[in-house]
Amino acid sequence: MAVENVSVVFKLYCLTVMTLVAATYTVALRYTRTISSGDLYFSTTAVCITEVIKLILSLGMLAKETGSLSRLKNAIEEHVFFSPRELLKLSVPSVVYAIQNNMAFIALSNLDAAVYQVTYQLKIPCTALCTVLMLNRSLSWLQWFSVFMLCGGVTLVQWKPVEATKVQIAQNPFLGFVAIAIAVLCSGFAGVYFEKVLKSSDTSLWVRNIQMYLSGIVVTLIGVYLNDGDNVLEKGFFFGYTPWVCFVVFLASVGGLYTSVVVKYTDNIMKGFSAAAAIVLSTVASVILFGLKITITFSSGALLVCISIYLYGLPKQDTSKVVREDTDRESKQKLITV
């Protein structure tokens, strides 16, 4: 995908926001699940509210895109009310994303934010594999090398889990890793599936988002009922909510939408730097807030992950020109010989 020609200042702005959102979300979520005082909120309700806010924001963006309420109404009627097949098609990533978001809460309840941020980069090889299988794309040898390097880095990080001295609640690192593994698989599949749906027609991105978030609200409400139904009826839907919890919901809602909009103004290298910077910021915040003890294996693994992200994002070398030049040179040489 071509990157539009915009100013360096705007690209830096996009990079800064993407980095801060990624780092702040994991640290804030970890804080609300482990250290924040008060009653613990129901994570399933937070995921559900996030879908509702995303739907409202997408409706607002579609209204801006269409330019009038009448065209907005026509677009919603055509693509939502009269397109049950499309809604069913977008319900697939809705279910997968709902599972992914709930797994993030489980993972950050059992793993430090820095460990989560590093391990979650396994979404890159998972997305790469789904891209090869579902979109019939190919990866360069450097990208495959970076995938194996990333897996090695994550292995080092998980080899001996780091300790957070200020977290007093019981944690299960193995459960946290399993939750991340599921979230990574969900992220890779849902992202590539959604990309395939987007590129299969000229339907607006915001229309597709609305279709997906409508299904997402239904799916997450079912999740609330199955997991916390009795407790929600007894204590209320917003039980345990604090300003920090609302901040987490806000970041989860705006972050995904904002990233999907600004990636067209950045390239893979900038996104790689953003992910690496988010790892560094999450580590610093974890040391300050949670008393994280940095180990040699964690540092080595995090460094390998950062390098692999950068290598994976490097543009593929176009060898066609080189081959063409060699062919032309050989042809000229033959003519000269003759």
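Cβ atoms are placed via backbone N, Cα and C, with glycine included.
Automated prediction, rather than curation, is the source of TrEMBL annotations.
Some features that TrEMBL has for this protein:
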- 12-28: transmembrane segment (TRANSMEM)
- 40-63: transmembrane segment (TRANSMEM)
- 141-159: transmembrane segment (TRANSMEM)
- 174-194: transmembrane segment (TRANSMEM)
- 206-226: transmembrane segment (TRANSMEM)
- 238-261: transmembrane segment (TRANSMEM)
- 273-290: transmembrane segment (TRANSMEM)
- 296-314: transmembrane segment (TRANSMEM)
Surrounding residues of the transmembrane segment (206-226) on its own chain - C-beta under 8 Å, 6+ positions past either end: 42, 44-45, 47-48, 51-52, 54-55, 58-59, 61-62, 65, 75-76, 79-80, 83, 86-87, 89-91, 93-95, 97-98, 102, 194, 197-198, 232, 237, 257, 260
Contact call for the transmembrane segment (296-314) against the transmembrane segment (12-28), three or more Cβ pairs under 8 Å: no
Residue numbers, six or more beyond the limits of the transmembrane segment (141-159), whose CB comes under 8 Å of its CB atoms: 115, 118-119, 121-122, 124-125, 128, 177, 297-298, 300-305, 307-309, 311-312, 314, 316
